[in-house]
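Peer 1: Here it is: the structure, laid out below.
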Amino acid sequence: MTLSAKGLSWSAGGTTILSDVSLDVRPGEFLGIIGPNGSGKTSLMALMAGIRRPQAGVVTLDGRPLSAHGRQAIARRIAFVEQQAETTERITARQAVELGRTPHLGALTPWSRTDDAIVDRALEEVDMARFSGRLWHTLSGGERQRLHIARALAQQAPILLLDEPTNHLDIGHQISLLQLVREQDLTVVAALHDLNHAAMFCDRIAVMQGGRIVALGTPAKVLEPQRLADVFGVTVDVERDSTGGCFIRYRRPEPRPAKLKLVAEA
Amino acid sequence: MTADRPILLRTGAAFAALVLLVAALGMGAAVGETAIPLDVVAKTVANRLWQAGHAIEPIDEGIIWNYRLSRAMVAACCGSALALCGVILQSLLRNALADPYILGISAGASTGAVAVAILGIGAGILTLPIGAFLGALVAFGLVSALAVRAGRGTGAIILAGVAGSQLFNALTSFIVTKAANAEQARGIMFWLLGNLSGVRWPDVWLALPVALLGLVVCLWHARALDAFTFGTESAASLGIPVRRVYVVLIAVSALMTAVMVSIVGSIGFVGLVIPHAARMVVGVRHGLLLPASALIGAVFMIAADVLSRVIIPGQVLPIGVITALFGAPAFALILSQRRSAL
């Protein structure tokens, strides 16, 4: 079960968003994708999930292009959690998670006890079982996000693609959610914002900048002060521990000389 | 959704629905300028279907069979078809205010039908329903193109629909004024407001198969429609072939709208209001919402037709007037409750 991208390009409205991106996802790994806003993380996720078709290049699943797999067959293998999918329907928390069973049900397949059990477990795993009867619009952003994750878990696909899954979550839920995903026997690709989370949970990290992957490797290799300065424009110290883990400390930027000069002139 | 339990429940509900529908049809046949007892209605049906040989007044039998029952049948088909269209469009476009009338699909169908009937476009090969179908498709195409150009917001399609219906209504009026004689014009204007007076059995044999086909196609796609809850990308990631589902369901709703418009004229608000009423009763799941909407639509339309015949003694009100009198306030209610949906 492998997912890989070769030479992907994507542009919208005359702006190039991805150019020539190649990425092999290893079975069972937790691959993090980091990069500043607009670096192409979301577009890459959408192309890898097969939601959009690349304008150039190809995404393959088990060696065959995604376009050669049926839509339903893809959904049984790849679950995708987008950023901020919303609804105005009066749907309950549980019903939102039940949607995850869609790829496993034909038009005439009845809903079964197994489906119920899978949905129950998914709700428990994201700590939302007690909210199952609540209506969607009464839930907070974080609760909704956890339900989206539960829906993806209920999909029981071996590959999980998450686009900034920890948005809207408090720090406790951010870490427990990444831990939960990490503990699953799944291949995970997640676009992440928090570099320390990426360092803590990822087996490998891909760094994106301007629509390209500029670095790919273990957190300890990829998260270097110079690279983070180049890509994110931040000054950091990276502390490494004996087990190969690393922590990032951000330094407060020096006051900008240009601004000082302006003030002085005034 | 829980497993197992519903088998009995569902059979019961389906039976109750059938009883309700038959009762409504019976009422539709019994109530009118001359009230005819329900047992006479039952006997007429028995005579006609199974040659039961009950002795009843031939006039009563004639009124029931030739006028009222065919009329009630078409009203039922029309009500369910429009309600189903509303459910489909509201789900696919993710807009609580979508329905064939508001999106201009009915207006396009009217224009198509009028073009065939008065201008003779298609030289006799195109029938009224086919003209209406083409008109409906053109209208929907135009409205969606306009909505896409206007931006991705869910409100855009409604505004585009307003523009579309105005355009097609103007075209219809133009054609009628330019090409129809006075008598044709009067007939068409009456038909445009929704009118079941001219309906006979041949109309039933057109409306019924289309409504049933629509119901089956919709039910087949019930899970797909559920999957659109969080938008098209989410539906795609749940394994729904989004484009195919769109094409099939839009074509089916254009077909249903067109056939119903070609028989009874364009009737507003049924497609908009009935799905919301059904949601209050059975919830948002399409497996239940679709049949419930079809049933409520059918019963509502039969009742509206009865009302249109008896509300002013000696006169028949266009049925569109009745549905609008109920529908417009309901529309206002939905609008004020679901401000966020626009």
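Keep in mind that glycine also has a Cβ here, set from the backbone N, Cα and C atoms.
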Peer 1: Pick from B:13-34, B:101-122: which range does TrEMBL record as transmembrane segment?
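Peer 2: Based on what TrEMBL states, transmembrane segment spans B:101-122.
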Peer 1: Residue list, the transmembrane segment (B:286-304) vs rest of chain: Cβ under 8 Å, 6 or more residues beyond ends.
Peer 2: 17, 20-21, 24-25, 27-28, 72, 75-84, 86-87, 91, 211, 215, 218-219, 221-223, 225-226, 267, 270, 274-275, 277-279, 319, 322-323, 326
Peer 1: Of the stretches B:72-89, B:101-122, B:128-148, B:245-274, B:316-335, which racks up the most C-beta pairs under 8 Å with the transmembrane segment (B:204-225)?
Peer 2: B:72-89
Peer 1: Using Cβ atoms and a strict cutoff of less than 8 Å, what residues sit near the transmembrane segment (B:72-89) while being 6 or more residues removed from its termini?
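Peer 2: Contacts of the transmembrane segment (B:72-89) (Cβ under 8 Å, skipping residues fewer than 6 from its ends): 21, 24-25, 28-29, 95, 98-100, 103, 105, 196, 199, 203-204, 207-208, 210-211, 214-215, 218, 225, 249-250, 252-253, 256-257, 259-260, 263-264, 267, 270-275, 278, 286, 289-290, 293-302, 304-305, 319.
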